[in-house]
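*Asks:* Annotations per TrEMBL:
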- Ser110: active site, phosphoserine intermediate (ACT_SITE)
- Gly36, Leu37, Ser38, Ala39, Ala40, Gly41, Lys42, Ser43: ATP binding site (BINDING)
- 29-178: domain 'APS kinase' (DOMAIN)
Amino acid sequence: MKKTSVSDRHVHGFRIQPESRGRLLRQTPAILWFTGLSAAGKSAIADKVEALLHASGQLTYILDGDSIRLGLCKDLGFADADRHENVRRVAEVAKLMADAGLVVLVCLISPFRRDRELARSTAGRHRFAEIHVHASLAVAEARDPKGLYRLARTGAIQHFTGIDSPYEQPTVPDVFIDTCSKSIDEGADLVVNWLNSR
């Protein structure tokens with residue numbers, strides 16, 4: 001008996017498509033991908049953006065790296081291959097949620113350019129913004145709300161981005177927010193303005 005490979009499988013052509021769901025919700029689906037060092041301000045800005053969108057009647061969902069690693073990606077570590085798989089899984093979930101008509105806000109360090117490009121290509125026809133939430137390493141380390149930089153400096157955490165694992169800064173992000181000079185509110189406004197202009 002011939003084995004069926006994944007590429008041989010047929011995807012059913014369902015009647016209701018993402019555009020129809022978006023029309024029903026009176027919004028255009030999108031994926032807002034927040035990337036940056038730990039403690040740069042990704043989650044804080046995404047939280048504010050979600051509040052603004054919610055107040056304007058848009059249906060949203062935040063996929064936050066800390067929460068994702070408690071469930072969907074709890075089997076993954078922080079080696080490069082695991083980070084790649086983490087981004088791949090989250091990108092696929094974000095696409096499914098955008099297919100459902102939502103504006104999805106993803107908060108992941110996602111340190112490697114190739115993985116962020118994978119996320120963009122996975123989004124397909126949906127609006128996608130790479131949002132670089134920037135803070136210098138010194139500032140992020142001074143904030144360190146979870147004590148992770150301290151643990152990384154002592155060797156208790158390995159493969160920590162910015163310490164013993166690189167962060168490849170986006171070359172041309174859709175939105176750039178320097179949290180050393182901009183407030184959470186100012187950063188959120190930049191994201192909402194980008195979304196409203198597309």
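Backbone N, Cα and C atoms are what each Cβ position is placed from, and that goes for glycine too.
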*Asks:* What is the total of other Cβ atoms whose distance to the Cβ of Gly41 (ATP binding site) is within 10 Å?
*Replies:* 26
*Asks:* May I ask which residues of the same chain, at least 6 positions away in sequence, place their Cβ under 8 angstroms from the Cβ of Ala40 (ATP binding site)?
*Replies:* Val133, His134, Ala135, Ala140, Thr179
*Asks:* For Ser38 (ATP binding site) and Ser110 (active site, phosphoserine intermediate), what Cα-Cα distance in Å is obtained after rounding to a whole number?
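*Replies:* Distance between the two Cα atoms comes out at 10 Å.
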*Asks:* Could you check which of these binding-site residues, Ala39, Gly41, Lys42, sit within 10 Å of the residue listed as 'active site, phosphoserine intermediate', going Cα to Cα?
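*Replies:* So far as Cα distances go, none of the binding-site residues lies within 10 Å of the residue listed as 'active site, phosphoserine intermediate'.
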*Asks:* How would DSSP class Gly36 (ATP binding site) in three states?
*Replies:* coil
*Asks:* Sort out for me which one of Leu37, Ala39 has the most neighbouring CB atoms within 10 A, since those are the binding-site residues we care about.
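*Replies:* That would be Leu37, with the most Cβ atoms nearby.
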*Asks:* For the recorded positions listed here (Ser38, Ser43, Ser110), which one has the lowest count of neighbouring CB atoms within 10 Å of its own CB?
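*Replies:* Each of the recorded positions Ser38, Ser43, Ser110 was scored by Cβ atoms within 10 Å; lowest is Ser43.
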*Asks:* Suppose we draw a 10 Å sphere around the Cβ of Gly36 (ATP binding site). How many other Cβ atoms does it contain, all chains included?
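*Replies:* Taking every protein chain into account, the count is 28.
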*Asks:* Which chain neighbours of the ATP site, leaving out Gly36, Leu37, Ser38, Ala39, Ala40, Gly41, Lys42, Ser43, have a Cβ atom within 8 Å of the mean position of the site's Cβ atoms?
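*Replies:* So the extra residues in range turn out to be Ile109, Val133, Ala135, Ala140, Thr179.
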